[in-house]
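Visitor: Provided herewith is a single structure, encoded as structure tokens, for subsequent inquiry.
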Amino acid sequence: MREYKLVVLGSGGVGKSALTVQFVQGIFVEKYDPTIEDSYRKQVEVDCQPCMLEILDTAGTEQFTAMRDLYMKNGQGFALVYSITAQSTFNDLQDLREQILRVKDTEDVPMILVGNKCDLEDERVVGKEQGQNLARQWNNCAFLESSAKSKINVNEIFYDLVRQINRKAPVEKCKKKKSQCTLL
């Protein structure tokens, strides 16, 4: 079974943990408890292929930025999350993306831009078009709006990253070994 190392990045309070826990455990975490680093494993099937996802839920706060290079070096796919209710969280993602590209030393990194908390439409300050435009600027990066609370596009975030990784490095099809018989 192929393993995938996915990393969830973004500013503090955007809902990285809520998205991850909703995906892995199917529950919504109401209380905000800042993360230092949490790792989750979940077995899923994407496009008829069994996959083991290792999801790293990272700290959004500035005091843990030294750990980021390591996440970025080891990660295969990245969800860059902002809150549609806070413009600053959207603005912070440009630097994060540039850091990923620098650490990976390539422009071709499986990545998805995620506008979280789309259930809070009344509090929206970042328009959907802003997200779409930024994704276009980022070499047509994938983009979704999500809500951990309302379970909107939660699975799709992680499945999309798996598909991007598979496109970059296709899954080896299992070849049946042919038994050979040699007569002496």
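The backbone N, Cα and C atoms fix where each Cβ goes, glycine too.
A quick note: this is a predicted structure, and the numbers were derived from the prediction, not measured.
Heads up, here are the entries from Swiss-Prot:
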| type | residues | note |
| --- | --- | --- |
| BINDING | 10-17, 57-61, 116-119 | GTP binding site |
| MOTIF | 32-40 | motif 'Effector region' |
| MOD_RES | Cys181 | cysteine methyl ester |
| LIPID | Cys181 | S-geranylgeranyl cysteine |
Visitor: Near Thr58 (GTP binding site), how many other Cβ atoms are within 10 Å of its Cβ?
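Guide: Cβ-Cβ neighbours of Thr58 (GTP binding site) within 10 Å number 27.
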Visitor: For Lys16 (GTP binding site), what is the secondary structure state per DSSP, taken as helix, strand or coil?
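Guide: Reduced to three states, the DSSP call for Lys16 (GTP binding site) is helix.
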Visitor: Could you please provide the mean pLDDT value for the motif 'Effector region' (32-40)?
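Guide: Summing pLDDT over the motif 'Effector region' (32-40) and dividing by its length gives 76.
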Visitor: Inside 10 Å of the Cβ of Cys118 (GTP binding site), count up the other Cβ atoms and send me the figure.
Guide: 21
Visitor: Look up Cys118 (GTP binding site) in the DSSP assignment and reduce it to helix, strand or coil.
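Guide: For Cys118 (GTP binding site) - judged by DSSP and reduced to three states - the answer is coil.
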Visitor: By a 10 A CB contact count over all chains shown, which of the binding-site residues listed here is most packed: Gly10, Gly13, Lys16?
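Guide: Highest number of other Cβ atoms within 10 Å: Lys16.
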